[in-house]
Amino acid sequence: MFGRDPWGGPLEISNADSATDDDRSRDLDRGALMRQLDETQQSWLLAGPGDQAGKKKKKYVDLGCMVLDRKIFMWTVGTILGVGLFIGFVMMIVKPIPKKKPHAPPPDQYTQALHKALMFFNAQRSGPLPKHNGVSWRGNSCMKDGLSDSTVRKSLVGGFYDAGDAIKFNYPMAWSMTMLSWSVIEYKAKYEAIGELDHVKELIKWGTDYLLKTFNSSADTIDRIVAQVGVGDTSKGGAQPNDHYCWMRPEDIDYPRPVTECHSCSDLASEMAAALAAASIVFKDSKTYSDKLVRGAKALYKFGRLQRGRYSPNGSDQAIFYNSTSYWDEFVWGGAWMYFATGNNTYLSVATAPGMAKHAGAYWLDSPNYGVFTWDDKLPGAQVLLSRLRLFLSPGYPYEEILRTFHNQTDNVMCSYLPMYNSFNFTKGGMIQLNHGRPQPLQYVVNAAFLASLYSDYLDAADTPGWYCGPTFYTTEVLRKFARSQLDYVLGKNPLKMSYVVGFGNKYPKRAHHRGASIPHNGVKYGCKGGFKWRETKKPNPNILIGALVAGPDRHDGFKDVRTNYNYTEPTLAANAGLVAALISLTNVHVKSGIDKNTIFSAVPPMFPTPPPPPSAWKP
């Protein structure tokens with residue numbers, strides 16, 4: 001039997017036992033030598049014993065997808081780890097080194113104007129001025145206010161002068177403080193980003209500190225409040241020195257400054273309550289001061305509700321300059337702020353009472369002044385404020401009906417601001433005529449711009465893209481466009497290419513109707529009549545009243561830069577408060593845009609709406 005030798009030779013298989021193992025081994029060796037060897041086999045045979053022992057076998061690493069030489073693999077891993085450790089070490093050294101911040105983009109025109117608009121309040125301060133007041137031509141003034149009045153005999157030093165005179169009208173002053181506080185509550189982050197938060201809070205406190213002096217702020221029940229300090233009526237003839245007859249610097253005033261008190265003044269008391277309540281939210285982190293403001297606000301609102309009457313009776317000084325047409329709007333406005341400051345539903349019940357809204361004019365849609373937000377008519381502001389409550393908290397029954405009404409009315413007011421609805425005329429230059437062509441229009445313009453911009457932010461924060469005017473839907477950007485167009489007009493985008501904010505832009509009024517700005521700060525005291533020559537001169541004011549919003553142009557976009565014509569050139573505290581609020585709402589400071597949704601509700605308890613009563617039993 002024969003088989004195949006795996007080494008190439010024939011192999012005979014025999015059963016003979018005579019063949020020894022050595023013979024068979026020699027036969028295999030001979031057979032192996034008779035065939036051709038492959039290269040590997042040849043290398044084995046040619047290599048000597050020393051070569052086999054000295055050559056190490058290479059080691060490999062199997063990574064699954066490839067096979068690498070182990071030495072190369074270890075070098076690669078070691079290099080990667082070394083580079084990583086080096087980068088980490090460098091990062092540890094570099095990270096603590098302060099980085100050079102990139103230059104912030106230049107502030108927009110609204111921010112630039114806002115810095116100046118706030119400075120107007122510094123120029124209007126009465127009393128002992130802080131060292132950092134920043135208005136070089138102003139000094140301490142009227143340091144005996146209240147103390148020199150025989151009927152009052154208490155300090156009324158401080159506060160703000162109203163306009164180009166030295167009268168302290170508490171009615172528009174309180175409204176101005178409410179507006180400044182409202183703007184801080186909504187746009188605190190913006191104020192902080194532009195470095196004005198401390199400044200505006202200081203101004204608010206300057207005003208509220210004074211308001212707290214005008215009544216017994218430590219009592220729960222009061223029977224009187226101060227309405228104003230100083231007198232401006234010159235209609236009775238004669239040459240009796242007062243704040244309008246005389247033209248002199250506040251620092252030089254030496255004539256009597258009588259104090260006017262009121263015992264039934266619901267409008268003034270409720271507005272002052274609103275100012276203190278709003279400020280208490282601004283200063284909520286200063287608990288002692290915030291509580292003091294809330295206590296004073298409670299006493300004022302209670303007084304206003306109990307002692308009904310207008311603060312400006314016919315023939316009074318108040319009626320001549322800041323006449324109040326009603327107190328019902330202040331009840332709604334003040335009640336809303338009292339609710340936000342305290343969380344007490346009693347105030348919300350007053351603010352949302354259907355009868356209150358009716359008396360305040362909420363349903364007088366055909367009134368030519370409907371939707372015009374002013375120091376006298378707070379209803380449009382109250383409607384926006386209470387619409388905010390509905391958008392974000394929605395307290396439900398029993399407030400929902402009137403809140404929904406206010407919300408719908410706010411939508412209508414915003415529609416009335418748009419040119420296509422012809423509710424108000426616009427000048428050819430683009431200014432809305434909210435006071436129907438009468439003088440001093442800009443105070444109304446900036447207030448409308450603020451409400452429109454603020455309401456658009458409310459809608460955005462509530463994830464609502466817009467609102468309806470009848471069947472037509474408008475986005476929130478339409479409201480902002482309106483607000484920007486009005487502020488742009490104020491800042492110089494008008495036919496005269498003139499900024500109506502003193503000190504802003506290249507062209508602005510040089511002869512503001514303002515005693516302190518028009519009389520040189522040269523150490524000379526000019527008496528009551530001694531300042532007349534500075535009033536009448538056609539030269540520019542020697543002192544620039546930075547940030548003052550003048551009264552504004554006429555209905556034909558015309559403007560006369562004449563000091564003696566206050567209808568064009570006089571600034572007021574109330575107008576500048578509206579300007580500040582409008583500017584901060586539109587300022588682009590590259591921080592989180594929009595409003596602060598929650599701060600205003602910090603005192604409001606969680607909402608658990610009361611379910612409506614069950615329907616009456618069915619009767620067949």
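Sequential numbering from 1, following the chain as shown.
The backbone N, Cα and C atoms fix where each Cβ goes, glycine too.
Heads up, TrEMBL stuff is auto-annotated, nobody curated it.
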Region 'Disordered' according to TrEMBL, located in which of 1-26, 521-546: 1-26
Same-chain residues at least 6 apart in sequence whose Cβ lies under 8 Å from E570 (active site): A163, G164, Q440, A512, H513, H514, V550, A551
Which same-chain residues, if any, lie at least 6 apart from D561 (active site) yet have Cβ under 8 Å of it: P509, K510, R511, Y568, T569
Cβ packing number for H513 (active site), 10 Å threshold: 26
